[in-house]
Amino acid sequence: MIQKCIFCGKEYHIDDIIYTCRCGGLLEIVYDYEEIKDKVSKESLRKREIGVWRYLEYLPVENLEKIVSLQEGGTPLYRCKNLGEELGLKELYVKNEGANPTGSFKDRGMTVGVTKAEELGIDVVGCASTGNTSASLAAYSARAGKKCIVLLPGGKVALGKLAQAMFYGAKVVQIRGNFDEALEMVRKLAEDGKLYLLNSINPFRLEGQKTIGFEICDQLNWKVPDRIIVPVGNAGNISAIWKGFKEFKETGIIEDLPKMTGIQAEGAKPIVDAFKRNSRSIVPVENPETIATAIRIGNPVNYPKALDAIYSSGGYAESVSDREITEAQKLLARKEGIFVEPASAASIAGLMKLLEMGIIDKDERIVCVTTGNGLKDPDAAIRASERPIEIECDMEILKSIIEKI
Ligand code: F0G
């Protein structure tokens with residue numbers, strides 16, 4: 001098991017704390033896949049409890065006693081018949097990552113990332129965040145007894161996420177700037193050796209998140225979806241899920257691969273713009289803006305990995321408006337009983353748009369990944385809802401209301 005640059009191929013020891021290659025390229029963790037193939041089978045995986053650590057042969061952890069876990073993963077894969085019917089789809093699923101311990105998919109990355117910090121003997125961890133990463137890191141570092149500092153874009157983090165980061169005991173710093181600026185600052189602290197960086201530039205984070213791909217196959221009884229639709233911000237998750245599918249194929253667990261489809265918000269869509277230009281490089285968005293604050297990111301660090309996932313899988317990238325996001329968020333709640341935060345609803349909004357555009361075929365088996373729980377952003381939900389009716393304690397009035405629902 002090594003760290004390897006995706007650009008120049010240079011290899012680094014698994015315990016080197018470097019984040020990026022000396023050439024500036026992103027790193028990824030590479031395993032001996034023949035060895036994994038000999039060790040695992042569909043049957044042997046099934047003998048373990050579902051969750052991130054079911055797939056431990058595929059994870060970069062050597063000392064299992066050091067694992068820092070809150071029982072992340074094992075989230076539901078819902079068959080969505082009502083929404084599917086509404087959209088004329090044969091087989092639609094939602095992988096609901098909001099069911100993780102802190103309410104987002106970030107927990108999958110943090111169980112691995114904080115375990116790595118534990119293995120390395122590091123005491124101080126940190127990240128920049130639009131909210132969920134900070135909530136998750138704050139929880140896992142609390143569990144591991146580590147100090148934690150999080151940098152947030154002031155005034156742009158949903159209430160639930162801010163409450164979590166503060167309550168788990170992290171040092172919360174709000175900057176007068178956006179996520180991209182916060183990340184730049186915290187990266188400098190990491191370069192100076194002041195903290196261990198747990199943003200998705202850290203390849204160990206993505207190793208945990210790739211288990212979303214593993215679990216989808218597992219829960220579909222080893223069938224592979226035709227398409228995975230994922231909201232994209234810093235572009236780590238779509239890259240991680242793609243790596244998961246590729247590794248399952250490489251080790252003989254599955255035979256096919258899905259089309260990776262990334263959705264961004266209209267006000268923060270550098271990857272969509274690159275895709276539409278058929279380019280492998282992005283032009284950063286200076287002042288990203290969207291109701292989906294989780295993906296309010298103008299300069300996604302993992303864009304080379306994400307664009308590679310999209311191009312090599314034959315996938316697609318599209319953007320959706322704030323209004324489309326809110327409508328999709330409501331539709332999912334009202335048709336399926338699944339309450340997700342705005343960024344997560346971008347995957348459903350993207351599905352609807354791509355169906356209309358004729359990019360997605362109605363016969364496809366589709367999995368939308370909903371990345372965060374709706375309770376994370378109560379303000380957005382309340383703003384998008386009808387106000388409750390207020391009445392006196394009067395049975396006649398109440399009866400007249402029930403007759404009209
Ligand atoms: N959905 C939610 C709910 C998120 O919180 C994020 C990212 C994404 C999607 C996008 O994932 O960055 O891997 O492309 N949130 C980060 C954070 C940036 O700080 O919580 P990505």
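Note: Cβ is positioned from N, Cα and C throughout, glycine not excepted.
Listed in TrEMBL:
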type	residues	note
BINDING	Asn132, Gly233, Asn234, Ala235, Gly236, Asn237, Thr371	pyridoxal 5'-phosphate binding site
DOMAIN	124-168	domain 'Rhodanese'
MOD_RES	Lys106	N6-(pyridoxal phosphate)lysine
Residues that sit under 8 angstroms from Thr371 (pyridoxal 5'-phosphate binding site) by C-beta distance, when 6+ apart in the chain: Glu97, Gly98, Ser104, Phe105, Asn132, Val230, Pro231, Asn237, Ala294, Val340, Glu341, Ala343, Ser344, Ser347
Helix-strand-coil residue split for the domain 'Rhodanese' (124-168), DSSP-based: 22 helix, 12 strand, 11 coil
Cβ atoms near Asn237 (pyridoxal 5'-phosphate binding site) (within 10 Å, other residues, all chains): 28
Cβ neighbour count within 10 Å of Lys106 (N6-(pyridoxal phosphate)lysine): 34
Distance from the residue listed as 'N6-(pyridoxal phosphate)lysine' back to Gly236 (pyridoxal 5'-phosphate binding site), taken between C-alpha atoms, in Å: 10
For the domain 'Rhodanese' (124-168), the mean pLDDT of the predicted model: 98
Those binding-site residues listed as Asn132, Asn234, and which of them has the most Cβ atoms within 10 Å of its own Cβ: Asn132
Greatest inter-residue Cα distance in Å for the pyridoxal 5'-phosphate-binding set Asn132, Gly233, Asn234, Ala235, Gly236, Asn237, Thr371: 14
Ala235 (pyridoxal 5'-phosphate binding site) CB neighbourhood, other CB atoms within 10 A: 27
Three-state secondary structure, which DSSP defines for Gly236 (pyridoxal 5'-phosphate binding site): helix
Residue among the binding-site residues Gly233, Gly236 whose Cβ has the most other Cβ atoms within 10 Å: Gly233
Lys106 (N6-(pyridoxal phosphate)lysine) and Ala235 (pyridoxal 5'-phosphate binding site), distance between Cα atoms, whole Å: 13
Shell of the pyridoxal 5'-phosphate site beyond Asn132, Gly233, Asn234, Ala235, Gly236, Asn237, Thr371, same chain only (C-beta within 8 angstroms of their C-beta centre): Phe105, Ser200, Pro231, Val232, Ile238, Ala294, Ile295
